[in-house]
Amino acid sequence: MKSLLDLFKQFTPDEHFDAIRIGMASPEKIRSWSFGEVKKPETINYRTFKPERDGLFCAKIFGPIKDYECLCGKYKRLKHRGVICEKCGVEVTQTKVRRERMGHIDLAAPCAHIWFLKSLPSRLGMVLDMTLRDIERVLYFEAYVVTDPGMTALKKLSIMSEEDYEAKRKEYGDEFIAKMGAEGIKDLLESIDIDLSIEKLRGDLTGSEVKVKKNAKRLKVLEAFKKSGIKPEWMVLQVLPVLPPDLRPLVPLDGGRFATSDLNDLYRRVINRNSRLRRLLELKAPEIIARNEKRMLQEAVDSLLDNGRRGKAMTGANKRALKSLADMIKGKSGRFRQNLLGKRVDYSGRSVITVGPTLKLHQCGLPKLMALELFKPFIFSRLEAMGIATTIKAAKKEVESGTPVVWDILEEVIKEHPVMLNRAPTLHRLGIQAFEPILIEGKAIQLHPLVCSAFNADFDGDQMAVHVPLSVEAQMEARTLMLASNNVLFPASGEPSIVPSQDVVLGLYYATRDRINGKGEGLVFADTGEVQRAFDAGEVELAARITVRLTEWSKPKDSDALVPTTALVETTAGRALLSEILPPGLPFSYVNKALKKKEISRLINVSFRKCGLKATVVFADKLLQNGFRLATRAGISIAIDDMLVPPQKAGIIERSEREVKEFEQQYVSGLVTAGERYNKVVDIWGKAGDEVSKAMMAQLSKEQVIDRHGQQVSQESFNSIYMMADSGARGSAAQIRQVAGMRGLMAKPDGSIIETPITANFREGLNVLEYFISTHGARKGLADTALKTANSGYLTRRLVDVTQDLVVTEEDCETANGSLMRAIVEGGEVIESLRDRILGRTAAEEVLHPENRMVLVPVGVMLDEDLIEELEAAGVDEVKVRTALTCETRYGLCAKCYGRDLGRGGLINLGEAVGVIAAQSIGEPGTQLTMRTFHIGGAASRAVIASRVEAKSNGVIGFSSTMRYVSNTKGELVVIARSGEIVIHDEYGRERERHKVPYGATLTVNADQNVKAGTVLAKWEPLTRPIITEFAGRTKFENVEEGLTVARQLDEVTGLSTLVVIDPKRRGAAKVVRPQVKLIDAQGNEVKIPGTDHSVTIGFQVGALIQVRDGQDVGPGEVLARIPVEGQKTRDITGGLPRVAELFEARTPKDKGTLAEMTGTVSFGKETKGKVRLQITDPEGHVFEELVPKEKNILVHEGQVVNKGESIVDGPADPQDILRLLGIEELSRYIVDEVQDVYRLQGVKINDKHIEVIVRQMLRRVVVEDAGESNYISGEQVERSEILNTNEALRAAGKIPAVYSNLLLGITKASLSTDSFISAASFQETTRVLTEAAIMGKRDELRGLKENVIVGRLIPAGTGLAYHQARKAKDAMDDAERRAIADAEAAEMAAQAEVPELDGSSVTASDAAAD
């Protein structure tokens, strides 16, 4: 009986494994898998449709084609289970064994595995130390390889052609052995002595860098072979496994034809060629024929494994390349990405969505028909439980007939059973949320309007999918974690996601505006009820200014109880009525103003922080209901008269046209260049457009009214278009400008600006030419969008892949490290406040009050809104907080270092997949970023040219440590530092603002001077860069020769002449001469730099205009020459998506700047080949030198002292340099700031945390500098956690630990170099990853999320983390228990054995076994 029950038991996969290993199979292993050899290429008999014996579908090898029935029909039914039929040789069993039983083909000649040959770098080449070209020549029978030189002068592994071989045979006879084809390669592989080779290579890790690198790689492979017990000769196949037939099916189509898997074709070819070769070898055919057949067999095997990898791909009947085994697993439609990482699921449906304004936030409307289909199993079980149906079949009938009882049951089943709604593309975790279904008529799903922004849904035909969680656990998780009312914040920024938009905003805005002299102005009411009655009676209008007695509930500082306070408040009727829905604890002041979209968002945010989740959700729903109602009552509409065209427009356009004409004249006269004219014209029209739109907004936003005293006053306008834009409901000033102002300048498809603007607007209408110009932009926009979506999706995919295994795994890693945060200030403006940067982070050290040094925040406390308000009040301007980068958790992150979970508002939970959330937060807004790289041209260049800085606040002036200046003859202070900054401190000495000042600027303030806001701090010439002397003396020119190094330029208009430094074209002089000036003192000696014996030498760059004469006396701070900035090409600024990708891929920028390698003094050496030799000498006298191309802009000069990591050559910084010279914290700051700049430009808010998490993953590998007593090879890249574990073990054993340095990898590189080969293989370059993993015999510890999804287990995150931890703990306990029992048994047996037996022996076998 038991065996019968076993039969029906479901086959359960064993989920209790902790790692997966991949390796290479030996011929023995392949034979052991096999159930028989496939000898014939036939598949099935075309008449009987039965598989041919010994063929590719043979039932004897692979199993029966009908359940429990042999092929000839002798044995049928269950009773003969396991019998092997003597007639047809088929085992009687289930037919599904045809999915798992493999066969094999014995190859008549060995064949190399193409993956190990052609997947770069060639593994065969690495092991044999031969080039790929040579191995290929041997394998494909073009050359011989010496496998055993014997006593001859030949070298092993040497290659010889046919002719050479014949000659050598004549010379040496049979002394040596040389072979062709895979046999030769196999012999070579067999002859490798791995241990010996390893020893030899370990001793050989010296010499040239190339050789060391090569040896290190070879050593790694050989050590892997040794460790995993894989023999190198297995890379050459002798036995080919055959895939089970049901995995490469043959399906009869109607009309007697068959659809077949390409693999069958490929196998057929291999079998045909193999049998032919076997026959030839038996017949002892001539060598050349056998050789040709062997080559063909090798090619057939290659095509089967990876078609098209070498030579032309094998094609089928229809000229299409056949799909080989490798193609099955790689790419988007391969096994990994199509079937393992993403699957289609049952119990799901999709339909169009419509708006459900009456729903509560946690509800959605589900069409009855859909619900009936989705909840079928639940309905069936209910019908059976009620006894209405006895079998599933009967229940099915009942449901299909649709009797009333079925609908009643559906209502019952659906109660409190959440369903999940998903809108594609699911860019972040709010793209799938759970709702409680409400049954509705019709066929469209109803969606709550407030969740639209999270789904990015609208109702113009969008569709959504519904999924039903089946198990109780799944329902529970959907309800607690995914219910829409539990996800009210965006995980990217912590801002509310349930913010009203469009009509709701308009309604609330309209109701909270105030109107001068509205009906009922000045009335006083006893309470809001009275206001409501007056409003209903038509005695008072919503916008009328009135006074009401209101009761507010607020929490005092020290208690949690709500206390009422009542007061008379001056407000409007609309606001008073709206105050009724405020949750207790939210002050009325938040609604006592015109509610625009931003204000409503703040209102919800404050409500969430002050009143909690539940109150906020109820409040949001009430806001929604009121918004819709009020918008309907307001009846705002658009008429053409609302689009007011400003009367000043004609004048502005006329003036601009005059200016453009003037410029055209100047251009014709040759006073300005074509480029200048174009820039100026674009500039003029840009200004004109702005002026028109200013005039238009001024006119739209104000209107004149009579107040109740009969005076004419102006108030904010009630113009419909203005209200829509002002409230944030729809449209913006830029859009209104196109309707009622002027459309302005348009861009060509290549991004350059057309200089003829569109002066008309949409109200006046466009003429044909204007219309044509404007189509450019529209079309470019559409093309851009399509490209952008694909690129953005790919960036998200790379980000997810690099961070997928980062999970919060412990509470606190107890590190003392952190990062110092202060507000980001640029050009004197606070771009990101300290509050935004430290909110929700953990303090890494005590935060003290700046004045009385009291502890405001102790270590390890998370900074929430209240604490930050205290810090702001105390005026703290920098805080050291813990960050994801400094966290010391080995695998994953700790909760304290991560801080607040932005999507939930509290400290992050254990098991939260912070990596994936970071990737989603950065990738989701990707589609909003621009694709274009901006040219600084036209409209953009106006903002760039600055010529002075002003103080923004009152305070005391200070200079940064890098600031250096000299006083010139007029007593002005001239800056001679390249990176000097002016800092303004308030009276407590806290930094308020910081301004960069360029080289050569004149300072208009002194240190410690008190300044008022608006004071000019420094000014400079914007369009030229000066060369300044720091010392006094008389100039002495060197190499300044007219016609050779300088040219005299005459200014036509003014008649003045200047010397311009030119590039010496005459290559006659061996050394390149460089024009320079030295200074001579009164005695005629050269002026030396104080403290050195360098003389002061100031070089002139090409393009400099020399401002002094030879022999002129100059004072410090005087300008010797000026370099026009115009001469420098304006660099393209990479913006938007490409910039973000560039940063995360850690690419070295083109034209990168150079940072100083060490702290020291700058000097210039001899020039070579158009390059300048720049040297830095440190205090110990070590010299570092760098060759800099002439056209680069060098930021330092002779004798200047630079600090390590300071910029010495202009250009964008290379992240690798920043990491090497300045360390991890600086690098992180650089990447975070640069990425944030791109997003900030688009108005997207992302928390710094997310970017830090990605930088952490980019830094997760290190490079071994010195192996110490570990098994690493220097130069090897290792996972950081692994080397830390190794070093701990080494220290514990008293050995020398390995020394390593940080390594920054781009996200693609980092994903591919992860320890998990399953994750890497499913990302990109599947073949290469799997080849490498197989050779190394890699183990995948299944730590990440992706690996676990692929092997089909719960992921180790969220609720799954607890499951896995519990499972591992239980396994460990079971192990310990087992060990204890075994020990006890052994002890018992030993005790028995100690009793002397008859022959006097006392030791038994049990002792040996116990050991």
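Backbone N, Cα and C define each Cβ position, glycine as well.
Checking the ranges 278-298, 383-403, 1223-1243, 1391-1411 against Swiss-Prot, the region 'Disordered' annotation falls on 1391-1411.
Following the DSSP three-state reduction, the secondary structure of Cys894 (Zn(2+) 2 binding site) is strand. A simple way to gauge crowding: the CB of Cys887 (Zn(2+) 2 binding site) has 25 other CB atoms within 10 angstroms, across all the protein chains here.
Put plainly, the binding-site residues Cys72, Cys85, Cys894, Cys897 were compared by Cβ crowding within 10 Å, and the winner is Cys897. Of all the binding-site residues listed here (Asp458, Asp462, Cys887, Cys894, Cys897), Asp462 has the Cα closest to the Cα of Cys70 (Zn(2+) 1 binding site). In this structure, the C-alpha atom of Cys85 (Zn(2+) 1 binding site) lies 63 angstrom from that of Cys894 (Zn(2+) 2 binding site). Annotated Zn(2+) 2 site Cys813, Cys887, Cys894, Cys897; additional same-chain residues within 8 Å of its Cβ mean position, judged by their own Cβ, are Glu810, Asp812, Thr815, Arg882, Ala884, Thr886, Glu888, Thr889, Leu893, Ala895, Lys896, Tyr898. Taking all protein chains in view, 19 other C-beta atoms sit within 10 angstroms of the C-beta of Cys813 (Zn(2+) 2 binding site). Counting other Cβ atoms within 10 Å of each Cβ, the lowest count among the binding-site residues Asp458, Asp460, Asp462 belongs to Asp460. Around Cys88 (Zn(2+) 1 binding site), the same-chain residues six or more apart in sequence whose CB sits under 8 Å from its CB are Arg53, Ala59, Lys60, Cys70, Leu71, Cys72, Lys74, listed in sequence order. Using CA atoms as reference points, the binding-site residues Asp458, Asp460, Asp462 were checked against Cys897 (Zn(2+) 2 binding site), and the closest is Asp458. Excluding Cys70, Cys72, Cys85, Cys88 themselves, the residues of that chain whose CB lies within 8 A of the CB mean position for the Zn(2+) 1 site are, in sequence, Leu71, Gly73, Lys74, Tyr75, Lys87, Gly89, Val90. Among the binding-site residues Cys813, Cys887, Cys894, the residue whose Cα lies closest in space to that of Asp460 (Mg(2+) binding site) is Cys894.
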